[in-house]
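All remarks here apply to the structure that follows.
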Amino acid sequence: MILSTALALPLLGAIALVGTPHISALQARRVAAGFASLSLLALVVAWMGFDPAGSLFQHVDEVNWVPSLGMAYRVGVDGIALVVATMSALLFVAAILYPFDAGDQPRQYYAWLLFLQTMSLGVFLALDLLLFYVFFDLTLVGMFFLIGRWGHGEAQTAALKFFLYTFAGSLLLLLGIIGLYLSLDTPTFDMRVLIEQQPLAGTGLYAGLIFLGLMLGLAIKTPLVPLHTWLPPAHVDAPGPASAILAGVLLKMGTYGMIRLPFAMMHVTFAHYALPIAIIALVAILYGALVALGQKNLKRRIAYTSINHMGYTVLGIAVAAALVSDNQAARQLALTGATVEMVAHGLITGALFLISGSFWQRTGEYDLDHYGGLAHQAPLLTGFTVLAAFASLGMPGLAGFVAEFQVFTGTFAVYPWLAVLGIIGILITAALFLDMLRRLFFGRLPSHLGEFPELGRAEWGVLAVLALGIVVIGVSPRFLLTLIEASSSVLVGGR
Amino acid sequence: MLWSVPLLPLLCALLVYVYGRWCRRAVLILSAVGGVIVALVLAAVAIMNDWGGSYRWSEALVLTLKLSTPGMLFTLAVPLIALPIVVYSGYHELPRNTGREGVGGNGARLVALIVAFIGAMQLLVLAGDLLTLLIAWELVGACSWALISHHWGERDIPRDAATAFLVTRLGDLGLYIAAAAVFAGTGSFGYTALGVLDGGLLQVAAAGIILAAAAKSAQIPFSFWLFAAMSGPVSVSALLHAATMVAAGIYLLARLQPELAAVVWFMPLTVTIGLATALAGGVVATFQGHAKKLLAASTSAQYGLMWVAIGAGFPGVALLHFIAHACLKAGMFLSAGLAERHAGSYRLADMRLGRRMPRVAVITLVSSLALAGIFPLGAAWSKEQVVSAASHQSLWLALLVAVAGCLSALYATRFQLLAYGWHERDGLLGSRISSVPELGALAALTLATLGLSLWWSPSAHQAVIEPLGLSLPSGHLWLLALSLGLAVLGIVAGASMVRGERSTIPHGWQVHAGEWFGLPKLAQGAAATTLTFGMSLARFDDHVVDAGLRGTARCARWLARWNASRAEWLAEGVPGGLSRLTKWGGQWARQAQSGQMHHYYSGIVVGFGLIVVILLLGAYL
């Protein structure tokens, strides 16, 4: 029941907010934060109760819905789903608590955030393909309204582009899901049955087409180069907290879906196409980093580093799926690394986007050339940005390193050349973040920034929690790795 | 337990950073010094009790700490050499307290980072596997970035810090690859696993380790990053060159030389890189007019000599030369810092401070003579050991090393005479009196340099060599005489070079040579090209990749418009036409209902005829 509780709480909160018309912005934020935190707490309890030595999926809830079609409300988690969901819930709490001026509709803003939280957690917790798809699509609705109504600049256009592009991806995903469903002898949407039966093993072209549909749909969401162009405008025009959710949670649905659907349910086909996917991931790593280096806009720069980082995740997944060598330890390392990258990127990029939201609220400007010399004026802002930037460029002692090191080490054992080329990405990332820090905080303070305010208490409080998470994972990741390896060893070894 | 050695300074750094800003200068320095001393004592205790440590991240990832011969030497040497530097940095960089308020955030950050730097270096030298090493290796790089950009308000300094960080991180990539290769071959990251690695993977690991070491210890072609690092405070430079960053490269090679010697090209490549850097660095220092950059080039050159020793199969010699070099180079940097406060800049042409600062001049003379390799100083002995080690490979190599020694005598003389010559210049800008702690730090390092003279006595150097289990090369007496003679020749050449007024300021090709023969320009070019490439890719992304999406959208809009006009006409037209046709048919049918009997009769006749025709057709066809 614990997972259903985690799922239901934010939705209840959203309904409660909608139902109480006379409520101030601060009260709305507190109510929303309360419901979101309770949901996080439920997931933490689930974490405590998870047995790494137990079965793959735990905390399973199942309620029949349309038995004749094999449809049911099924939720449950393995280690990978649980860590990604918990990270997401934490990020939602952070995004809700982070000060944001929602205009004259604060109630609606927080209600939509809570709605989005339920839908996002649903994607990670669902054990039913149809349920997964429904949640997957409904997240688009939540994000569409958050960007369109509370964004700035060309928010409507960006929201529309985001919605249509990712919705097109969803449709491909739906085709794939139906294909998977029909391939079973007694059709059911139960993921556990699909993972166990591997219905499409060795069916050639049909399996290839289903795989293509699933991967295309998920790659748009991830996003992989060249299907990424919806991401930068959506980020640039979205409000800071929504950006943090978009990068931290919504992008993970693509890579999480890759692990849950094609990787787990059709591993023979995935193994067949692992190398091309790994090469595309490599292109995403290098291309994302280089394009980010070429950006003058703070938010666009961070947005493109997301493409680079999600490239690491996809690389890890593809390597874990490859069967060219029987180096199981290396493949498991790659899958574990890919999952840690999801968690680490969520926390790090979430923090970076919240910070860029603070910049926007202060000056209404994302152009890097607008800033400079802020280190003395805003030492806390500088400190948190430096920490997040170094975490993002893979500095040891911080979360990103634990992920990237495992991905590269695993990759080297399977595709040495891809690892050697991909590692160049972390050099370019270092260059672009140092350049960003220099342009924001170092050098002389321009006269128009003389009144630039330091972070408020609520802002640095939220950032401190995220920073703590980044440091703890970087220094002592055992609590995380144990849980992930419980699943990655089964997923990689069970072939 | 061994974890306490690196973690204690790191913890101390954190405390200094958080609480230091409200402390008075003396308190701050005292707590930093306390942290370093505790680290030193802990290191000694760890060695006596043979501590070790491991920390498990997961099944595959285990961090281990283990003592080794080079590790023991470094874990003692690093805090020992850092100690005077910490004292000096406190009194040199921090403002003097006037009121009750503390040193402020900037000062606390500097001292905290220096202490953290020492902690990270301790982690590096105690690491027992490549993962732990990589962690420390990158942390050291990050510390140096933060320290170099201490004066972040100036325009060029953050850029220089980034250059230093990026060049050394390029080397770090080698370590990532080496660690991955060891894991791919053995499933673990331990140094011992290197020994059981076979063929190709061992070669990959060796290449990665050489790349990492070359970048850190500023060997060709990475040597220029030390020039960029000169933007940092002078005490940071001293620390960087003597005890931490640059020293990490030589530590790693000395540590892993036994495992990597199995690779055929490892030793020759090490010798080649080291010799090239030693000779080129000597030339660069000879034609460099900036006091700190002269010393930086000299650092590259001296570490080059250590590389030669390792490549010749005598890591012990490299370790001894490291210690001698650390003492003298730290002293020279601190001295250069004092000179800068008097002269107002680091331009050697503006100095000649001998009359103004006679005590500093005499103290520095000891370090300069040591750098020049003059008997009976310890650095001279260790340099001669490098020559002997090289002679085990070939005589030519030994001669080239001796030539590199001659060059170091030349630039050491040039530094001493230009910085502390007697012909005083007019119009010196700075006018600060050196404080007692600053001079004390300098004197302590110089005393250490003097004390190392004991190495010339066989019983004294055996006392160092034997407990550590190192071996020394046997030398030829004539080679020793030749090498010492070359050093004297270098001094004479340096003195005559300084005497000519014109030649004190490098000009023409000398400027080019003094700037690493254009290496920084080359690197800048590469960086600029990458940036331009990134920007054009960004444009490509906006205009070409996104064009597919925009094209699809345009196509859809066009289709919608076409539908709205043409297809709508068709869709409207077909049912509309049909209804018009029906209407017309209805009207026509109504016209038939005329009410006149002869119309109906004629209609019946036509109908009857039609029926007959149909029946006939049915009968006969």
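Numbering starts at 1 and runs along the chain as displayed.
Each Cβ is built from the backbone N, Cα and C atoms, and glycine gets one as well.
Record features (TrEMBL):
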type	residues	note
DOMAIN	B:127-407	domain 'NADH:quinone oxidoreductase/Mrp antiporter transmembrane'
TRANSMEM	B:6-22	transmembrane segment
TRANSMEM	B:27-47	transmembrane segment
TRANSMEM	B:67-89	transmembrane segment
TRANSMEM	B:110-128	transmembrane segment
TRANSMEM	B:134-152	transmembrane segment
TRANSMEM	B:173-194	transmembrane segment
TRANSMEM	B:225-254	transmembrane segment
TRANSMEM	B:260-287	transmembrane segment
TRANSMEM	B:393-412	transmembrane segment
TRANSMEM	B:433-456	transmembrane segment
TRANSMEM	B:476-498	transmembrane segment
TRANSMEM	B:600-620	transmembrane segment
Message: Would you say the transmembrane segment (B:6-22) and the transmembrane segment (B:110-128) are in contact under the rule of three or more C-beta pairs closer than 8 Å, pairs 6 or more apart in sequence?
response: yes
Message: Is the transmembrane segment (B:173-194) in contact with the transmembrane segment (B:433-456), using at least 3 Cβ pairs under 8 Å (sequence separation of 6 or more) as the test?
response: no
Task: Please figure out which one of B:27-47, B:134-152, B:600-620 racks up the most CB pairs under 8 Å against the transmembrane segment (B:225-254).
output: B:134-152
Message: For the transmembrane segment (B:173-194), give me same-chain residues lying six or more residues beyond its boundaries with a C-beta closer than 8 angstroms to one of its C-beta atoms, as numbers and ranges.
response: 60-62, 64, 66, 128-134, 137, 201-202, 204-212, 215, 255-256, 259-260
